[in-house]
Amino acid sequence: AMRTLVLVPVLLLLLGACHGQQPEQRKNYVVHLEPRDDEGSAAVPVEDWHRSFLPEAAPTSAGDGGADAGPRIIYSYSHVLTGFAARLSDAEAEALRGRAGCIRLYPEVFLPLATTHSPGFLGLQTGKDGFWSRSGFGRGVVIGLVDTGILPSHPSFGDAGMPPPPKKWKGACEFKAIAGAGGCNNKVIGARAFGSAAVNDTAPPVDDAGHGTHTASTAAGNFVENADVCSRSRCSIMDVIAGLDAAVKDGVDVISMSIDVSDGAQFNYDLVAVATYKAIERGIFVSAAAGNAGPAAGSVSNCAPWILTVAAGTTDRAIRTTVKLGNGQEFDGESLFQPHNNSAGRPLPLVFPGASGDPDARGCSSLPDSVSGKVVLCESRGFKEHVEQGQTVKAYSGAGMILMNKPEEGYTTFANAHVLPASHVSNTAGSKITAYFKSTPNPTASITFKGTVLGISPAPTVAFFSSRGPSKASPGILKPDISGPGMNILAAWAPSEMHPEFVDDVSLAFFMESGTSMSTPHLSGIAAVIKSLHPSWSPAAIKSALMTSSDPADKAGVPVKDEQYRRASFFTMGAGYVNPSRAVDPGLVYDLSPNDYIPYLCGLGYGDDGVKEIVHRRVDCAKLKPITEAELNYPSLVVKLLSQPITVRRTVKNVGKANSVYTAVVDMPKEVSVTVRPPMLRFSKVDERQSFTVTVRWAGKQPAVAGAEGNLKWVSPEHVVRSPIVVPPAKVVV
């Protein structure tokens, strides 16, 4: 019942121009400008104002490209950024940098995509008594997805029983009439393409990568809505900002960004942080992928505190395979390809080309002819290359492949669409298989296929690739914020050049993908349901509801584990794994208005001008009294604890019953003392706000390694409102 707007930034053509005899290649830039005053805004149309910043075009000459010789504006931004995108020569760019009113030029960069059973695993029930159905499945809420477009003819996007678009909707539909592509309807209510997709003569917003169709159906597919921004496997930053600008203009309620769009730059240098701040000013909830650069510490992206940053976890489903060795040992693995005619179903010779020490052979990049008819043991070269590794084994006539994880990949296994009998096993299993191979003169192995298995344990866990905190831009704010299903997610799919082995299989309507790209639309869809049930809630209130209701424990009731099956830290999983049924009724929320972020930004040391670049208005930090990161009214707390206690203030709003009483319960390691004052909160009405202080100190002598994690819980008979407390290790500067 919810609607989706998919924004598609696409690859742009870099057009050069010739001046006289010397060709000068123009480059694409995003130009960030000072906001106009009110008088100037009314007097000059925004496009004309933007053109006034361009240097005079050089005179054209025969054969120089004519009209393309001068600078060209590609986009005029008006809703999420004051500025425009243009093609400029080096000299023109340098001249523009010196113009009054020009803040900064950003050269075009291309951003990677952070590329079912999950509703049941999350407790989303379709029965009439479930909150999902009571919300009308998000009826009336518009989700804008910045991605590779969608395949509108897919059955996930049918509009049977859907009402017309809401009256607030101002968007456009740019699908062109081509056979089988479909177009907009009461489900897919708008679609736009930017960049190279916008000049594609077939159907610009039609998905050519599969990624956008997958994420859109996850967020709002039938049991999607406006498609606008990327192509293939990357997106131009110019197109991402254009997509966000259009989403705000068109009137979306939720923006979902499955794109790795931030590199840790401070927020006034981060175009997405600037643009999304303007979105939350309009009451739009923004969720974005944490990135797929894990498990390295400090790899998380999209870290502005007004964005919900989403990590990727597993579910309790496996597409099961079993490897059986000649000594009788068995190891479970995964593969989406489950052949009926299994060439590796009987014991066959097991070979490990990497035993020679050749790294290329270890990853099966090159193989000897002797692997023909055998089961080949290969080490993972990274999760984006698993299918290609199997293709190499098949090309050398191997009968099957055992794909083992590298140590850092741990127990995270993928259900990939392999091209031969294969089993992806954990690093632990791979080590035991390797030891068997080395200890046995004539090793053998077989692979059997057991289909879908539910109820596996432990679940959920955090996937190895999910990017980790702390945030480089603001390490005193816990990032990521939350985890959701991002492993082996089955959703709608379009024939894709990202999966050339299936590009001609038009009958393949659904496909499995993994990544924080997949976990992000889960959270976007849940946010849309919350927005439908609580239309007056701010983006920060929705974010708080999601975080404070999340689960730090798995389905067995023990702490959520990481890819090594160790207890996952909050910098790994965020506050916890999303729990939708509790998120719609959180009891209390930590609310923030857009203005509340300004003292925090001042506290980061950006200065008046730096903060102005983000909030688009004049700021006097001295008068606002800057605050530390820990003092922001955030649903989690990170404190750098040295010798002196640290006290911070928090405010919660009652969104539960009018007459409610909450008691503070602290769960921290014995080395850390946490005092909450007052220890009890009494509410007499809905929307009432009450404040409290949290004092954190060492209980005794400061430990040599100053790291600790725990929780503050506000507990009532109906609710547990949990906020993580993190004391980072001393080596982590916050």
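The backbone N, Cα and C atoms fix where each Cβ goes, and this holds for glycine too.
Look at TrEMBL and you will find 1-20 tagged as signal peptide. Feature annotation from TrEMBL assigns domain 'Inhibitor I9' to 28-113. Annotation source TrEMBL lists domain 'Peptidase S8/S53' at 138-554. The active site, charge relay system annotation in TrEMBL covers Asp147, His211, Ser517. Taken from TrEMBL, the feature domain 'PA' covers 349-433. According to TrEMBL, the domain 'Subtilisin-like protease fibronectin type-III' annotation covers 631-727.
Over the domain 'Peptidase S8/S53' (138-554) the predicted model carries a mean pLDDT of 84. In the domain 'PA' (349-433), helix, strand and coil residues by DSSP number 31 helix, 17 strand, 37 coil. Its own atom aside, the Cβ of Ser517 (active site, charge relay system) has 30 Cβ atoms within 10 angstroms in the protein chains shown.
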